[in-house]
């Protein structure tokens, strides 16, 4: 019996698994259902309607915040992935040396320092820069997002690099490829699934951020999450549910897309 | 074997490679010098950790020597990076590029050398033909078998027509039958391309089968360089005799030396002739080596070189091993080829004589 010790056969396994899934997904299912509520309440069902989707679509503030979120997310994801790729190469394509662990910690710092601390620090830091330069555009949000996205992009890229056979790069060098061409023709194509995973993760993390954005943003720079938070303070309508539902679908679509792209490359 | 021109493709001059520093430093290679001739199938043979792969890596350029020179047709290549050396490697793990087809893998080196497309195509086709892989040129390297990957790795390394081809235990991942086939295949490729091959292995049989010359290595040093027959028949040191084939080691005393040969007295008191390693003038107590198939059994008699008791008889089909115990308590093995017929009266526990012929014994340096 190959499966005798399988965890699936332990008593209570199914019940525990089912409970976990219900706790995770039931609230989301309820949220999605109430996005189609004809009534103005998020708890009393008043029949099926698409009106909240329509109202969200016609709400220029929602559209602005969404576009801003995408703009910040895309830019921050690209920059953080470039930095993360360079960091991953520098920390794996070298013999271990004293201080390497410290560098890992420095790169992964945003995962360890509480977001609220980073938020406050950036608020103070950027306000000084704003006074000196007079610039108050999206650059501050992009810079902040890039910084905290780096570890999320770094981890899958580094994992991919660590599993890559170093002999391949050596073989390319042996076959007359200069270090740059070895990188372009061998390392980069083989690293591509890791880079895509990093890019996707960074994008989704940026899209989702509230705490740091809330501290760094200037007036009129709401992203979709900070806009939604602001709306909820004034009272919830199913419009929030509708926006969340679209947001959810978009995230799932992006993750699925990247999954298939990276699987094709792997 | 046709006469080879006496031109050296590679000269390794007093090369040392030291890893680590201070107390923990290890000499992977200790002032090694060796010359590898043009068009030669040269094997570096030794146990793991003897420095053979380190030497190969230094020639390939994946590592740089701590001291010494590596000359390729007279030019010192030791400081050059690998992509500037006209030397290619077949890796133990093959290291085929998984995101490229068989043909793209083979053409990679030529592409990096900036050859025109038409030339690359012609050369890749010729290589595919050489290793009999024409049918699989469009396959991904993950879609072909281990033996086929081996052929692609060979074709890829041969395609840019390197001055020297380095092979790092390329057959170790193959099963026995395929390994035998590839041994013959490698010899054929070397012959057809005329490229100097430097082959690294820990497998003595592989080394004996394929090589023109073998360098036996141990603990970062080259102990002996010679043809397979030299190495097998005339081992210069105990390690070489022990590592390649089976050996009987006997204590003896030198009683006379003349014209490169010695007369030694065995423990039984019998005096026999023995060959000497080059440059050795032995004195006093020495160790001599006798291969099990170079000694004969006889009836116990005073005219035999040695006498002993039969402890064990092992029948192996093609030949029989007689495990003997000599009068002085040392073990001795005699191997005899079998022929059809009945036994010859040698039985376990019986007394036998051992004859060591005129050319069977070799004095060791240590």
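For all residues, glycine too, the Cβ spot is worked out from N, Cα and C.
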Which range of A:70-90, A:217-237 is transmembrane segment, per TrEMBL: A:70-90
Contacting positions for the transmembrane segment (A:240-261) when only residues 6+ beyond its ends and CB under 8 Å are counted: 28, 31-32, 34-35, 37, 42, 52-53, 55-56, 62, 196-197, 199-200, 203-204, 207, 224, 228, 231-232
Long-range environment of the transmembrane segment (A:137-157) - Cβ separation under 8 angstroms, sequence gap at least 6: 68, 71-73, 75-77, 79-81, 83-85, 87-88, 107-111, 115, 118, 122, 126, 129-130, 191, 194-195, 197-199, 201-202, 205-206, 209, 212-213, 216-218, 221, 223
